[in-house]
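Worksheet for the structure shown next.
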Amino acid sequence: MLKNDLFLRALKRQPCSRTPIWVMRQAGRYLPEYRAVREKTDFLTLCKTPELAAEVTIQPVDLMGVDAAIIFSDILVVNEAMGMDVEIIESKGIRLSPAIRSQVDIDRLIIPDINEKLGYVMDAIRLTKKELDNRVPLIGFSGAAWTLFTYAVEGGGSKNYAFAKKMMYREPKMAHMLLSKISSVITEYVLMQIEAGADAIQIFDSWASALSEDDYREFALPYIKENVQAIKTKYPDTPVIVFSKDCNTILSEIADTGCDAMGLGWNMDIAKARKELNDRVCIQGNMDPTVLYGTPDKIRSEAAKILKQFGQHTATSGHVFNLGHGILPDVDPANLKLLVEFVKEESVKYH
């Protein structure tokens, strides 16, 4: 039995004594303890070494008091498992090769044996669960098909997604073939994470805002729904969070995927989102990550505002406090600790 199950209760929209909190990229460079581990090895080796991945996954639980851990990994391990070379060079960026630009390139990508290619993630999950000793839940995750597609086709990050959109608009069947291939791997990957012990899954569609509403409906949402429905069919009790960054105009359609919770970017009023969704799903978010550069008073006032905007809880509401995107690497850890402690205290009156 979990000693602290507030995060899972909130995702399932069950009564909670307060609002749970964790933050995206909470195991990361803002922590001196993470940097000490990271100095010994490169980023991908850290992801692939279960003992080290477990250590950094647990750091924010020990140091910050967050209500959930998220397994330390990277969304691009899926691309790598499918046969792409992935280089992640902090401060320089991401390179994937060869970029996927033709039918021949798509055919060359493999549907991997997840245990063989991504077994290190499952080992890290099992080890982390053991070391957490039921203190808090553990989140598993994957990138969404559209986001992984953009990295594959662009060969890295991009400002305007020219190659990805060129394939979408000139060769839509080819684009769907690649998206479908990626999505099938994502589905197997997240199911195996749950089998290994993940208590919840988050699907990150980090580049969702690059698409128009209509294009998102065609090239992104069907694959997210495919992933969510596969999880719900096999593991109906495992909550799923969908984080489609800045897709504020189609919130109800994202909820229609069958997800339990929706991550919200910071440019959406959480009160409006709750009103539109009518407590059909839990809402996760949504403080601007740069607020953590502010004074203690500013951090407290912004957090208080979000809690107040979400408002009083009902028997069917759910809110997980988080940032609207990942914590930035040069944030003072003391500011995150202050935020966590404040949310724990301030949120009680809304429950």
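Cβ atoms are placed via backbone N, Cα and C, with glycine included.
Database features (Swiss-Prot):
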| type | residues | note |
| --- | --- | --- |
| BINDING | R25, Q26, A27, G28, R29, D74, Y151, S206, H325 | substrate binding site |
| SITE | D74 | site 'Transition state stabilizer' |
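Shown here: features listed in Swiss-Prot, placed on the structure.
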residue: R25; record: substrate binding site; DSSP (3 states): coil
residue: D74; record: site 'Transition state stabilizer'; DSSP (3 states): coil
residue: Y151; record: substrate binding site; DSSP (3 states): helix
residue: H325; record: substrate binding site; DSSP (3 states): coil
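Sequence-distant contacts (6 or more apart, same chain, Cβ under 8 Å) of D74 (site 'Transition state stabilizer') comprise F43, L44, C47, I88. Residue annotation for substrate gives R25, Q26, A27, G28, R29, D74, Y151, S206, H325. The furthest Cα pair among them is separated by 23 Å. Ranking the binding-site residues R25, R29, H325 by how many other Cβ atoms lie within 10 angstroms of each Cβ puts R29 at the bottom.
Counting only residues at least six positions away in the same chain, the Cβ atoms of Y34, V56, T57, Q59, P60, A69, I70, F72 sit under 8 Å from the Cβ of A27 (substrate binding site). Just so you know, the Cβ of Y151 (substrate binding site) picks up 27 other Cβ atoms within 10 Å once every protein chain is counted.
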